[in-house]
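The structure under discussion appears below in the form of structure tokens.
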Amino acid sequence: MTAGLLRPASAAGTGRAARWWLAGFTILGLALPPLLPERHLATFVLFALTATVTVGVSLLMGYAGQVSLGQAAFYAIGAYAAGLLAVHGVPSLLGLLLAPVIAAVAAVLLGAPLLRLRGHHLAFATLAVQLILLSLLAQADWAGGAIGLQGIPRLTILGYELREDLGYAYAASLVLALAVLIARNVIVSRAGRALRAAATSETAAAASGVPIGRYRLAVFALSAAMAGLAGGVYAYYLGYLSPGSFPVLLSIEFVVMAVVGGLGTITGPVAGAAVVIVLVQVLNTLATRPGMPGYAPAVLSYAVYAVVLILCVLYLPKGLVPALRRATRATAPDRRQS
Amino acid sequence: MSDLVGYLLTGLGIGAGFALVGSGLVVIHRVTGVVNFAQGSFAVLAALLTSTLLGAGLPHGVAEAGGVALGAVAGLIVGVIAIGRPGTSPGTSLIVTLGLGVLAYAIEVLIWGDQPRSFPGLTGVAEIGGARIPAHYLLIIAVAAPVFLFLAWFFARTDLGRALSACSSNRYAARVVGIDVRRMGLLAFLIGGALGGLAGVLTTPVQQVTFDSDVVLIVNGFAAAVLGGLTRPVIALAGGLLLGVAQTLTAGYGGGAYQVEVALVLMLTVMIVQAARTGGIPEPAR
């Protein structure tokens, strides 16, 4: 079922161009936050955290050929792990480091039985896992129940407490940079090549001695760890968590961003998250103008996710980044001729 | 004892709703190979329109028919977008239907707002075997049963139904004998939309509906359908009934908070056992 859409762009821009992109993103990540006004700073934190999760989703869908409709579950596990640890007096930095570990362990335990499934079966299984988690969290009094977990302390690094949004913008940038770096190294590694082979033909890859099952589980755990890490920062940033913060729609949003940017590319998920979040923010600003009805922001954001996803899947099946790359490559020889 | 009868009948009523959603999934999947994620939206759209039509003073029956018709039209539209472009793979179509499900949210909130809605169904309480249950549950069973009989007859005995089945068993051979596979696919989406709409119209009086109820409906419908490997409507019916009864029994005998988990864990177990038995889903030919 995964033909076409889920096949990764070959070699996925691991060359010099990608390195320039990475350098550009790093500079942007460092220089942008202090220039942004307070209101947009919150959007930046949201963007960096969402993009971190999306990097994992893109890796999972592009390289392991698995559609996860429950990635927000691991985001929630990381957030709740960090939040609960901090509430019970564990140093917040340790809590942040443990969040991805706990999310990855959960992914291994869940993935061992679930990753036998493929295609739409796996998509529904991951969705079911998230629904079960949300239902359990809403009933768990030790985690705050349906009301939510309150009074999570702020993140403290080496005795310095992060109080301002600016600090969290840098923390989120750092987390995103880490996720991108890990994704890049995985893609160019032996395991990455093996997974790319498996995405083209599983039988051929298995016959060549690729331990597909183990690699699949490893990518699943890695993507969960990325979601968990982002969730940890989210918990300290907001200081409040509830099951309602992690709806099924959030999982779908991650898929939208990954598909829009280009599956299996390094810069794709970052670009996809940026495009979608900026679009939603712009429309949100329009929708909250005086005179607009109260339901306008919700309607517009649903419509944006839906329309962007459908148009992208049907007309740009490889995503924005590969499409742009192809466009620039197509114009390059012309310039040389003239 | 009377408790048990009550739980069983309520469960069958709820389960018939899941089975209708599930059978819609099955009809679409067997003909087109697409798992339609927007299946729950048909039910929600139909239920919301019915509540508006009833509010406008239309009699019962007419309003419900309007809802089902909207479900069918929505099904056709989803079909045109999801499989209309030649060369769209079923995996791509799944993502497209996911997007259409979210688009339905935008339309529903725009027209009906985000508050839960319901409308009165069959009033009164029936007494069977010493158990008192709301009569509407019996109505759901009474409507769903002939629909399933009709489906079974339609697919096995009519030319059109046989043409649809032919597309599911061998697309290429179906085209060779002159069946328009694409048109059959759209017809399947139309029927699937009507079945989804019927599920929404029937269950809303006992379970109120909001724009995002489709997630619960689609997951339970998928759970019902997956028992029959997504290809057999009759087993989807059995699966849906089993699911409904399992949920009401858990809710009835303590653990009312855990009925969602029961259905989902049941579904996961079935899928994992199926995958283990068949050695995973076979790799599609490219």
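Any Cβ shown, glycine's included, is placed from N, Cα and C.
The transmembrane segment annotation in TrEMBL covers B:6-28, B:40-59, B:65-83, B:95-113, B:133-156, B:184-202, B:222-245, B:257-276.
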Message = If I count Cβ-Cβ pairs under 8 A between the transmembrane segment (B:65-83) and each of B:40-59, B:95-113, B:257-276, which range comes out on top?
response = B:40-59
Message = Same chain only, please: residues at least 6 beyond the ends of the transmembrane segment (B:40-59) with a C-beta under 8 Å from a C-beta of the stretch. Say none if there are none.
response = 21, 24, 66-68, 70-71, 74-75, 100-101, 104, 107-108, 111-112, 117-120, 192-193, 195-201, 203-204, 209-211, 213-218, 221
Message = Short question: most Cβ pairs under 8 Å with the transmembrane segment (B:184-202), which of B:6-28, B:95-113, B:133-156, B:222-245?
response = B:6-28
